[in-house]
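Participant: Submitted below is the structure of interest, expressed as structure tokens.
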Amino acid sequence: MTFADRLSAYTRLIRLDKPIGILLLLWPTLWGLWLAADGMPDPMILVIFILGTILMRSAGCAINDFADRRIDPHVSRTRNRPLAAGLITAREALLIAAGLSLCAFLLILPLNLLTIQLSVPALFLAASYPFTKRFFAMPQAYLGIAFSFGIPMAFAAQTGTVPPLAWLLVLANLFWVIAYDTEYALVDRADDLKIGIRTSAITLGRFDVAGILLCHIIFLSTLTYAGILLQRGIWFYGALLVALGLVIVQYGMIRKREPSRCFQAFLHNNWIGAVIFAGILLDTLFRTDQSF
């Protein structure tokens, strides 16, 4: 294998060619940073969190492929992944994951002690999630916790504390992750049933679409409550209304459970995250005394 081929395999291992995972992890982190800083996050902290998100998501992908190295060859969507296809070794995947995790840890060392302490459970959750599909009926809930840890870390880095509001945002994001990752799981449900993998799409059975919609509703309702506590204005609530419209569009995509359409719905969640961030950003830029 040439150097270019190996570099391409490494890039595909950590999914740099598929940035959707980075974006879905980044949006709630940015929500947390902007709300913690009331619209004026420290530039150094912002850069650290953006780079850290990229590094940890990439490390998580490498760990995921290591954990699923004997499963991926039997799933049509994943059989061509570098590790499953034999282009790289399990040892290489572990070394890459460890290297990226170390870089992410070194990156946060300039931040306060609380942020560094929170990075420990964040790393554990990211590293252990891929193995939960063997014994958890709802591994998407575990992923939701892992994908939400950027929020308390953002508050800790920006303010030195983790207030109840941060955990309310974690709760909201948890249900969002369950919703979009269940859409993702619908793509592979037929293969997962054959090989015995557990996912929320399998656990929910015929209530899968209803469960996704319920999780989206809880997600948006919790954000609405957070907005009330923070006395947010029209831009924030307008963004939530747009996000609700996007959820309705997603329902049209997933209601027939066609794998290709379910995957499109999963990708569509990037726009929900972006719209909510835009609402938070505009709300802090054009703050008025009026709020709902």
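Each residue's number is its place along the chain shown, starting with 1.
Backbone N, Cα and C define each Cβ position, glycine as well.
Copied straight from Swiss-Prot:
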type: TRANSMEM; residues: 20-40; note: transmembrane segment
type: TRANSMEM; residues: 43-63; note: transmembrane segment
type: TRANSMEM; residues: 94-114; note: transmembrane segment
type: TRANSMEM; residues: 135-155; note: transmembrane segment
type: TRANSMEM; residues: 160-180; note: transmembrane segment
type: TRANSMEM; residues: 209-229; note: transmembrane segment
type: TRANSMEM; residues: 234-254; note: transmembrane segment
type: TRANSMEM; residues: 266-286; note: transmembrane segment
Participant: Counting only pairs at least 6 apart in sequence, do the transmembrane segment (94-114) and the transmembrane segment (135-155) share 3+ Cβ pairs under 8 Å?
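Facilitator: By the criterion, they do not touch.
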Participant: Give the one range among 135-155, 209-229, 266-286 whose Cβ atoms make the most pairs under 8 Å with those of the transmembrane segment (43-63).
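Facilitator: So the stretch in question is 135-155.
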Participant: Does the transmembrane segment (135-155) reach the transmembrane segment (209-229), going by 3 or more CB pairs under 8 Å (6 or more apart in sequence)?
Facilitator: no
Participant: Which stretch, 160-180, 209-229, 266-286, tops the Cβ pairs under 8 Å count with the transmembrane segment (20-40)?
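Facilitator: Looking at each of 160-180, 209-229, 266-286 in turn, the most contacts to the transmembrane segment (20-40) are made by 266-286.
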